[in-house]
Amino acid sequence: MEDGNHSDTSNTNISENIDSIKRTSDGERSLLCESFTKRKSLLRNINCEICGKSFVNRSNLSKHRRLHTGKKPFHCEICGRSFNQKTHLVNHVRNHTGEKPYHCEICGKSFVDNSYLTSHKRMHTGENSLDCEICGKSFPYNSRLVIHMRSHTGEKPFHCEICGKSFVDNSYLTSHVRIHTGEKRYHCEVCGKSFIKNSSLVTHIRSHTGEKPYSCDLCGKSFVNNSYLTIHKRKHMGESLFHCETCGKSFPNNSKFVTHMRVHTGEKPYHCETCGKSFIKNSRLVIHQRVHTGEKPYNCETCGKCFINNSRLVTHKRVHTGEKPYHCDTCGKSFFSSSNLKRHKLQHIGERAFHCETCGKSYFNNSDLKRHKREHGGEKTFHCEICGKSFFDNSNLIVHIRSHTGERPYHCDVCEKSFICKSDLNKHKRRHTGEKPNN
């Protein structure tokens, strides 16, 4: 009997809570529950005590609070990175596993997060509702438009506390700070190389796999990342947005233009803490530091010789293949590298543009002048760790070390005799040819 009374009471309450029956223009009836709307209103009154933002439930408020506290309770077991929401961690882990469960039905491209897919689809549909009033470029999200607008206004609100450099977006600042700290949390499982940004690792891995997913629709050429494709397309259109007023040279993007301008201004903002030498860009500093550390991560598969950068490895491989792609248009002589060709061409015109201020002696290139200047100053900055002998030039130190190790990498293809340096090999070869040495 009590159950029956309870049922009647509940039905009465439900009836009373129906505020009204409204008729729409189509004659349909809709029920509006006053209790439901009141509860929904109450839920939306859960406010953040720090910024006042409202939320429909306490779990959403808890997630939001982490933005203020900086708390990131969800950690990646692979790289150690932390996140304030579990969904962000799940999406991040896919960067490591390569999982991309969200697929575009139009072009087949895949993404780690559904929001990226949604943004991508707008490229196909042309749905970009947020347009830049200055240049007309369109964006799928307001946050991206805001960042883009800073390229016009010059606003860079995110500042590095170490060097003072400023950035348009906080993510750029985060990556930049890792240059100072040396933190490289993204590691290549193939060769062990480490990177500051995950996007750099993804691009690097393609050098192992050979994947080039970005193709030019004009000539079919493919690239490992979209920025290279964008730069390439400008060559077809003859578009070079950044022009140097000093020498007239043009550049496809601002970063290359800024680096180039340092050639004229003499600015070298990247300094070696070991020897004090300065460089116009960070990549050159990184390569230079390997001279001090002895790190040579690029290996020749033919002879096992190691190099501090990839360009030197590429040039070295030509010793094995015999390829000399750089030709002198005056005498027809060919060279392994463009730098050797440039040095050779100066001999034809007799131009020795680099002069010693101390003795007046002139040289074809700046590296020879620097080597010569050390002789005046008595500066021998390159030291042998085995016997303590010092040298003006690193190349002389390398040759000297071979006297300790017994390494003789230059071989005569006539009699198979070996030498510690190329100049000794060249002298030896003249004995076979009967050629007299130059005076």
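Glycine is no exception: its Cβ is also placed from the backbone N, Cα and C atoms.
Annotation comment: TrEMBL describes 1-21 as region 'Disordered'.
Marked as compositional bias 'Polar residues' by TrEMBL: 7-18.
The annotation domain 'C2H2-type' is assigned in TrEMBL to 46-73 (among others). For the domain 'C2H2-type' (46-73), same-chain residues at least 6 beyond its ends with a Cβ under 8 Å from one of its own Cβ atoms are 40, 82-85.
Look at TrEMBL and you will find 74-101 (among others) tagged as domain 'C2H2-type'. For the domain 'C2H2-type' (74-101), the residues of the chain that approach it from at least six positions outside its boundaries are 63, 66-67, 110-113, 185-186, 198, 202, judged by C-beta separation under 8 angstroms.
The domain 'C2H2-type' annotation in TrEMBL covers 158-185 (among others). Assigned with DSSP, the residues of the domain 'C2H2-type' (158-185) fall into helix, strand and coil as follows: 12 helix, 4 strand, 12 coil.
For the domain 'C2H2-type' (186-213), the DSSP-based tally of helix, strand and coil residues reads 12 helix, 4 strand, 12 coil. Sequence annotations record features per position, and here TrEMBL assigns domain 'C2H2-type' to 186-213 (among others).
For the domain 'C2H2-type' (214-241), the list of distant contacts is 199, 203, 206-207, 250-254: same-chain residues at least six beyond its ends, Cβ to Cβ under 8 Å. The domain 'C2H2-type' feature in TrEMBL is assigned to 214-241 (among others).
What TrEMBL records for 242-269 (among others) is domain 'C2H2-type'. Beyond its flanks by at least six residues, the domain 'C2H2-type' (242-269) meets 227, 230-231, 234-235, 278-281 of its own chain at Cβ-Cβ distances under 8 Å.
Summarising model confidence by region, the domain 'C2H2-type' (270-297) averages a pLDDT of 86. Look at TrEMBL and you will find 270-297 (among others) tagged as domain 'C2H2-type'.
Secondary structure of the domain 'C2H2-type' (298-325) per DSSP (helix as H, G, I; strand as E, B; remaining residues coil): 12 helix, 4 strand, 12 coil. For 298-325 (among others), the entry in TrEMBL reads domain 'C2H2-type'.
Annotated domain 'C2H2-type' per TrEMBL: 326-353 (among others), in sequence order. Under 8 Å from some Cβ of the domain 'C2H2-type' (326-353) lie the Cβ atoms of residues 315, 318-319, 362-365, all in the same chain and six or more residues away from its ends.
Residues or ranges marked as domain 'C2H2-type' in TrEMBL: 354-381 (among others). With a threshold of 8 Å between CB atoms, the same-chain residues lying at least 6 positions outside the domain 'C2H2-type' (354-381) that come near it are 275, 342-343, 346-347, 390-393.
For the domain 'C2H2-type' (382-409), the list of distant contacts is 291, 303, 305, 371, 374-375, 418-421: same-chain residues at least six beyond its ends, Cβ to Cβ under 8 Å. Annotation comment: TrEMBL describes 382-409 (among others) as domain 'C2H2-type'.
Counting residues 6+ beyond its ends, the domain 'C2H2-type' (410-437) has Cβ neighbours under 8 Å at 399, 402-403 in the same chain. Sequence annotations record features per position, and here TrEMBL assigns domain 'C2H2-type' to 410-437 (among others).
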Give the nonlocal contacts of the domain 'C2H2-type' (270-297) in its own chain as ranges (CB under 8 Å, at least six residues past its ends).
179, 191, 193, 259, 262-263, 306-309, 381, 394
